[in-house]
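Here is the structure we will look at.
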Amino acid sequence: MTQRTLVLLKPDAVRRGQVGEIVRRIEAKGYSLVALDLRTATPELLAEHYAEHEGKPFYQPLVDFMLSGPVVAIVLEGERCIEGFRSLAGATDPTVAAPGTIRGDLGRDWGLAVQQNLVHGSDSEESAAREIGIWFPGL
Ligand code: CMP
């Protein structure tokens, strides 16, 4: 089943010059890039994107981190790409993410208030539709 998913390359990925490496891995896997844009997020946009995390202890540090520099917003397309991208990304915690994954190979714990884990990928078809609508209205 062909799916679309919303991927974000977070400010740590952009700051560390890992955009090319991460996009290379996505393309090597064979997913199509439907949209790709360097953006500066806004508090309003992030409040929508992270609505499910509001109230959690890491919410405000996460929003502050996501506002700390530009992000790359991407829409991917391909068979089962929602699950496929999350598999490429690896576990949320980069310390234990498996080698071979984006977070496992390129990420680590920096001892900061929030997990800086390089990438976000939608976790379901429902989330993907919602998140694509937030980042790329009209797509
Ligand atoms: P993301 O896929 O963007 O979804 C929510 C984000 O919150 C997640 O990636 C991490 O960056 C961050 N996150 C999730 N769980 C924790 C946690 N326990 N502590 C700090 N940050 C977290």
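For all residues, glycine too, the Cβ spot is worked out from N, Cα and C.
Just so you know, TrEMBL annotations never went through curation; they're auto-generated.
Note that the structure is a prediction, hence the values are computed from the model and not measured.
TrEMBL has this to say about the protein:
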ACT_SITE  HIS120  active site, pros-phosphohistidine intermediate
BINDING   LYS10, PHE58, ARG86, THR92, ARG103, ASN117  ATP binding site
DOMAIN    2-139  domain 'Nucleoside diphosphate kinase-like'
Item checked: Cβ under 6 Å from ligand 1: qualifying recorded positions of LYS10, PHE58, ARG103, ASN117, HIS120 -> PHE58, ASN117, HIS120
Next item on the list: Rank the binding-site residues THR92, ASN117 by the number of other Cβ atoms within 10 Å of each Cβ, and give the residue at the low end.
Entry: THR92
Check: What are the DSSP helix, strand and coil residue counts for the domain 'Nucleoside diphosphate kinase-like' (2-139)?
Finding: 59 helix, 28 strand, 51 coil
Checklist line | Pairwise Cα distance for PHE58 (ATP binding site)/HIS120 (active site, pros-phosphohistidine intermediate) [Å, integer] | finding: 15
Check: List, in sequence order, the same-chain residues at least six positions removed whose CB sits under 8 Å from that of HIS120 (active site, pros-phosphohistidine intermediate)?
Finding: LEU6, VAL7, LEU8, LYS10
Next item on the list: In whole Å, could you give the widest CA to CA gap in the ATP site formed by LYS10, PHE58, ARG86, THR92, ARG103, ASN117?
Entry: 21
Next item on the list: Take every residue in the domain 'Nucleoside diphosphate kinase-like' (2-139), average their pLDDT values, and give the whole-number result.
Entry: 97
Notebook entry, point to check: Which residue, of the binding-site residues LYS10, ARG86, ARG103, has its CB surrounded by the fewest other CB atoms within 10 A?
Noted result: ARG86
